[in-house]
Amino acid sequence: MLSILIFIALMLTSGYPLLLRLWPESDKLSRWPLAFLLGSSLITLELFFWIFLFRWPSNYWLLLFFITQIIVLWWWFDCWHFNWWVSIQQLSTSLKSWRRGNILVYFLGLLLLAQIVIGASVAWMKPVVHYDSLTMWTLKPALLLADPAGFFDGSSPHFQGLAGQPNYPWQIPLSVWLQAKINGELDPAYLNYIYYAYFLSALILIYSALKNQGRLKALIITNLLATTPLFFYHSWNAYADLPLAVYALAGLIAWLAYQRGKISPWPALIFWGLAFWVKNEGALFLAVALIILAVQLLQNGQWRKKWQYALMALPVLVWLIWLKLTGLGLAQTSGSLGWHPEVLMAFFSAFWSFTSWNILWYVAPVFLLLYYKEIWRNQAWRLAWLWWVGVLLSFLVVYLFTPAYLYAVEFTAIQRNIIILVPVLFLLIGLEEEKKDE
Amino acid sequence: MFQATIWPEFFYSINNFTAGMSALPWLGATFILWIIVAKSFCYVQNIKFKTISFFWLPLLAIWLAGFALADMTAYAKELKANQQLLVYNSLERQDYRVCEVIFGGPEKAMEACPLGVLFEKIKDNVGPEDKIYIAYPPEIFNFYFRLRLLPYYQLTNKPEEAQAILFFMPNQQLDCSGETKEKLICRNNDGKIWGTFDLVANFGDAAGLLIRQE
C-alpha cells in the first residue's frame, strides 16, 4: 500500500506548483485532484520521453530526476509558503463545521463514505480481470517491464505492446509501469487504486465545484455521481474512461470560471488539451472548445490578439505525427469511411440502458425542459452546455462515418464513451441556481 | 480484427453485477410525473418552484430507491465473495475472478477454478531458463496467461523451442494429437515430429498444460 501512496504523492507534489502557477484562484479543496491530474500528465509525458524517445534505463537517475524536478518546481514557483500546519487547522475547522449539519447531511455524508469504502474494498478484491485492462492497459506496462528490449525491437511479438492497441496514448500504462516500479513488482492488487484515485478526484471536484450552492445540494449531487452504476463500476475495473471523464470535468470547471470572467481560458484548454494523453478521443474535448472559443473571439473581434490559444493543439498534433512516423496509425479497426445509420439506434439505446445510469437520462431532459430559458440567458452555463453537446455530437459523428461504428453496434465502447460525459452532466445540472451569482 | 465473440462473456458478468434493474423505467416515470405535479402545484398556488424541495430531494429519494433495488443485491453478493477470498493473495484472487468469467458466476468458480492448479504445475515443471508457448487464440485467456506468466517466465512465439505449451483442443495453430489425451505428438506441416508432450494439468474439458517429454 505504501507504493500507491508514494505514487500519488509523487503526482501531487509534481502537479501542485504547476497548478498554483496556472490557476492560483482555484478552490482549495479542488487543488488536490487538479494537482493530481497535472502531475499525472507531466510525469507520464516525461516517462514517455525518457523511455520511448531517449531509451534511457529506468534506474536511480530517473528517481533522482523526479525528486530534483519537484524541488526545482517548488522553488521556481515559490510554493514553500505552503503551511501544512495552517492547512491542517483549516481542515479541522472544516470538519468541525459538519457539527452544524442536519440529519440529512449526515445521512448523505455516511452514504458517500460507504460508497467510497465499498469502492476501495472492491478495488482490492478484484485485481485486474477485465478485458481492456488485461489486453491493453495492464498488459502494455507488463510487457515493458518484463521485456524492455523486445518492446522496442520491431521483430519481437512484444514490440510497442502490439498485443493491445499500440496506438493508444501512454498516460495510464506508464502510470501502471511507474507504480509497479515503485512497488518492486507488478502486483495486480494495487493497480486498481490508480483508477480509484481518479474516482475520488471526480467526487472531490464535483463537490468543491458545487459547495458554494450549499452543502446539502453538493452532497446530493456527489452521491448521485458516486452511485451511478457504470461510473462506480469504473472506479475499480482498470479502464481509462473514468480518468478521461475527470479531465473533462476539470476542464469544464475551469471553462465556467473563464466564462464568468474570473480567469483566462488557459486552465480549461490545458486540462482538455491533456486529455488526449489518456485516450485518443480526449482530443475531441480540445477541438470542440477551440471551435467555441474561436467563434467567441471572432464575435468580440479579439481573434488577432488571442490566436495563441490554438497552440494547445500542438501536443495533440505531435502525438498524431508520432503515430504516423511509427506506423501505428490512429484507427483501431481496418476499413474506410462510410455512412452507418445503424449506429443511431445503438447510440440512442445506450442512454436508456438502466444497468448503467440509474434514472440519469430521465432527469437530464426534464431538467433541460425546466431550465432552458435560464440556460440560454446565462452565457457561462450556455457555452458549457454547448461544449457538452459538441463533444457528444463529435462521438456520434465518429461512429456514424468511421469503421469505429462496429464498437457502437456491438455495444463494446459506446457506453464507456457516455461515462466520459456523465460527471460533466451532473455539474451542468447542479448549476441550476447559477443565475443567482450573476 | 474485431473480436465480437469475446464480449458476450464479458457483458454477462456486467449484467450479473447489475441484475434487477428492470424496475427503473417505473422510477424514471415516477420522477417525471412528480415534476409535472410539483410544477403544476406551484403554478396554481403561485409559489416558487424551490429546487431543493421539489427537484433534488425527490430525485434523491427515487434515485436511492433504484440504487437499493439494483445495487444492494449486487453489493451483498460482492461482499460475500470478497469475504471468502480474503485468505488468498492478489494473484490467487485474480485467478478466481478470471474463473468467474469462465464459469459465469462466483459459486462454481469458487468450487472449481483450475487456474491455481495450472500455475502450480507450471511452477513444478518449468524452470527459469525454459520457455512457454501460449497456444490459445488471441482471446482473453491468451492475454491473461501472458500477463500472469510474463513476470516469472520466458514466453516464446516458437512452439518448437518451448518446454511447456498452454494448449487447447482442437487447436488451429498446432497439429498435436495422440492415441490418448494424456500424451500428444506435435508435427509441422510436412508431418515431421517436433515434440512429444505430456498433458499434466487440465483446464476445463479441452485445454491444459503440455510439458515436453525428456
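Using N, Cα and C of the backbone, Cβ positions are placed for all residues, glycine too.
According to TrEMBL, the feature transmembrane segment maps to A:31-53 (among others).
Sequence-remote contacts of a segment are chain residues at least 6 beyond its ends whose Cβ falls under 8 Å from one of its Cβ atoms, and for the transmembrane segment (A:60-77) they are 10, 13-14, 16-18, 20-21, 43, 46, 50. According to TrEMBL, the feature transmembrane segment maps to A:60-77 (among others).
Positions annotated as transmembrane segment by TrEMBL: A:103-124 (among others).
The transmembrane segment annotation in TrEMBL covers A:190-210 (among others).
Annotation comment: TrEMBL describes A:240-258 (among others) as transmembrane segment.
Positions annotated as transmembrane segment by TrEMBL: A:270-295 (among others). Tertiary neighbourhood of the transmembrane segment (A:270-295): same-chain residues 22, 34, 37-38, 41, 44-45, 167-172, 240-241, 243-244, 247-248, 250-251, 254-255, 303, 309-310, 312-313, 315-316, 319, 330, 383, 386-387, 390-391, 394-395, 398, 417, 420, selected by CB-CB distance under 8 Å and a gap of 6+ residues from either end.
Residues annotated as transmembrane segment in TrEMBL: A:307-325 (among others). Listed by sequence, the residues of this chain that lie at least six past the ends of the transmembrane segment (A:307-325) yet keep a Cβ under 8 A from its Cβ atoms are 167, 169, 265-266, 269-270, 272-274, 276-277, 283, 286-287, 290, 293-294, 297.
Under the heading transmembrane segment, TrEMBL lists A:345-372 (among others).
What TrEMBL lists as transmembrane segment is A:384-407 (among others). Only residues 6 or more beyond the boundaries of the transmembrane segment (A:384-407), in the same chain, are considered here, and those with a CB under 8 A from a CB of the stretch are 248, 252, 255-256, 259, 281, 284-285, 287-289, 291-292, 331-344, 347, 375, 413-414, 417, 420-421, 424-425, 428, 431.
As annotated by TrEMBL, transmembrane segment applies to A:413-431 (among others). Within its own chain, the transmembrane segment (A:413-431) is flanked in space by residues 202, 205-206, 209-210, 213, 217-218, 221, 224-225, 228, 230-231, 234, 239, 241-242, 244-246, 248-249, 252-253, 256, 281, 346-347, 350-351, 353, 356-357, 360, 363-364, 367, 381, 384-385, 388, 391-392, 395, 399, 404, 407, which lie at least six positions past its ends and keep a Cβ under 8 Å from the stretch.
The transmembrane segment (A:190-210) is in contact with the transmembrane segment (A:31-53), judged by 3+ CB-CB distances under 8 Å for residue pairs 6 or more apart in sequence.
Sequence-distant contacts of the transmembrane segment (A:103-124), counting only residues of its own chain at least 6 positions beyond either end whose CB sits under 8 Å from a CB of the stretch, comprise 189, 192-193, 195-196, 199-200, 203, 215-216, 219-220, 222-223, 226-227, 232, 235-236.
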